[in-house]
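K.L.:
My questions will all concern the structure given below.
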Amino acid sequence: MAGAIIENMSTKKLVIMGVTLLLFQALAFIVGGLVEDGAMVTIDVGLAYRDDTISEWTEMAHSFEQRRLSCNFTATKTFENEGRYYECELLPFMEIGSVAHKYYLLNIRLPVNERKKINVGIGEIKDIRFVSIHQNGGFTQVWFAMKTFLTPSILIIMIWYWRRITLMSRPPVLLEKVILALGISMTFINIPVEWFSIGFNWTWMLLFGDIRQGIFYSMLLSFWIIFCGEHLMDQTERNRFSVYWKQVGPIVFGSFCLFIFDMCERGVQLTNPFFSIWASDVGTELAMAFIIVAGICACLYFLFLCFMVFQVFRNISGKRTSLPAMSKARRLHYEGLIFRFKFLMLVTLTCAAMTVIFFIISQVNEGHWHWGDHAVQVNSAFFTGIYGMWNLYVFAIMFLYAPSHKRYGDEQSSDAGANSGEDIQLTTTITHVDGPTEIYKMTGKEAHE
């Protein structure tokens, strides 16, 4: 029987959001008691907590778990080398999503039953060590501050954006609805519910965070497809969601697969924090296959998005041939619109590239503890930078695509109107209550000259 008391330092620093413990067993070599290849160790483990040094322990979880050993003895297996340690890979042990209590107690027992072949052929155990992976206090403070500040910022711009839409005399178009949905998903991921984990033992925080991020991923990827598609479709095909079902369908299906995969591990951990999909050979193979397939799909999506952006650029470049025939003022007006639109498309492509890279690295980092020598680490600055980039991008999209309160009307048909039209914001929707802007007409396949 082995016991370990872990003190949560949340009283001295901000609360740690979650803890992952990896088990390291120091196995000694003895002649006649070798560690068999692929030996299975059975662990009787329990977890309890208390908030002071005098109260009784309250049990949180208890389970019998099996972990397959992967050990290597680097020296020659002779009597002279008895007592030397094997080199063993780390084993996934426990993962909890919230540590709201001050003290935690781990009880570990390794029962032996030769008749049932339980804990037979695992060598001589000299020591058990733990590696803790947690969100430290400094990063938690920065993370909480960002969420607390960005939540009202996105919420205010979203309300302002939709109010501009409702002031129009026509119903919202597809792109405007998708931008609103993107703002809602960004607000959902921004809401700092982590503040409540300080006082409440919400063990489902990790699962909830993954669900929020999955919803935002699916919405962001769908938005980029529709955003580019609305600049490529014919005038008669625009503003219809059914046109994009072939592109959006796989995104929704992939997001559903992500949810199922997450529920297979984090869902079970709600009642048994010692469960790990990496504990079995089948689970390890499925997890690694899922990570590889997810990375390949993310790369293919980015290549497809690059192709769509290229088509948008080529479509706009074809319309530039009519600019020399215009007056100078009108030509400068259109060139300004095209330049700003191309810049926004490049920003979109950059944001997509960083998102795909972050997604792949996050998936690899999720499993690198189980891959031996292959290790990839996500820097906290990169993590917060991607999060800030998402908020800034969503904020800019809603600001730039909000319909103008100005009425240009027939003024745009004259050169004088072109001069005053320099105030037109970059939008593919409708700035006047009766018709689309020039850039919206120019980017269509069957644009009206």
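From the backbone N, Cα and C atoms, a Cβ is placed for every residue, glycine too.
Curation plays no part in TrEMBL annotations; they are all automatic predictions.
Here the structure is a predicted model, which means the values were calculated and not measured.
According to TrEMBL:
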{"type": "DOMAIN", "residues": "35-135", "note": "domain 'Wntless GOLD'"}
{"type": "DOMAIN", "residues": "136-405", "note": "domain 'Wntless-like transmembrane'"}
{"type": "TRANSMEM", "residues": "142-162", "note": "transmembrane segment"}
{"type": "TRANSMEM", "residues": "174-195", "note": "transmembrane segment"}
{"type": "TRANSMEM", "residues": "215-232", "note": "transmembrane segment"}
{"type": "TRANSMEM", "residues": "244-261", "note": "transmembrane segment"}
{"type": "TRANSMEM", "residues": "286-310", "note": "transmembrane segment"}
{"type": "TRANSMEM", "residues": "337-361", "note": "transmembrane segment"}
{"type": "TRANSMEM", "residues": "381-402", "note": "transmembrane segment"}
K.L.:
Using DSSP, how many residues in the domain 'Wntless GOLD' (35-135) fall into helix, strand and coil?
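P.N.:
Taking the domain 'Wntless GOLD' (35-135) as a whole: 3 helix, 55 strand, 43 coil.
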K.L.:
Sort out for me which stretch, of 174-195, 244-261, 337-361, has the most Cβ pairs below 8 angstroms to the transmembrane segment (215-232).
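P.N.:
Ranked by Cβ pairs under 8 Å, first place goes to 174-195.
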K.L.:
Take a look at 174-195, 286-310, 381-402 and tell me which one has the most Cβ pairs under 8 Å to the transmembrane segment (337-361).
P.N.:
286-310
K.L.:
Calculate the per-residue pLDDT averaged over the domain 'Wntless GOLD' (35-135) and state the result as an integer.
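P.N.:
Mean per-residue confidence for the domain 'Wntless GOLD' (35-135): 81 out of 100.
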K.L.:
Using a Cβ cut-off of under 8 Å, list the residues of the same chain at least 6 residues beyond the transmembrane segment (381-402) that approach it.
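P.N.:
Beyond its ends, the transmembrane segment (381-402) has Cβ neighbours at 142-143, 146, 150, 153-154, 157-158, 160-161, 164-165, 175-176, 179, 182-183, 186, 190, 216, 220, 344, 347-348, 351, 354-355, 358, 425-429.
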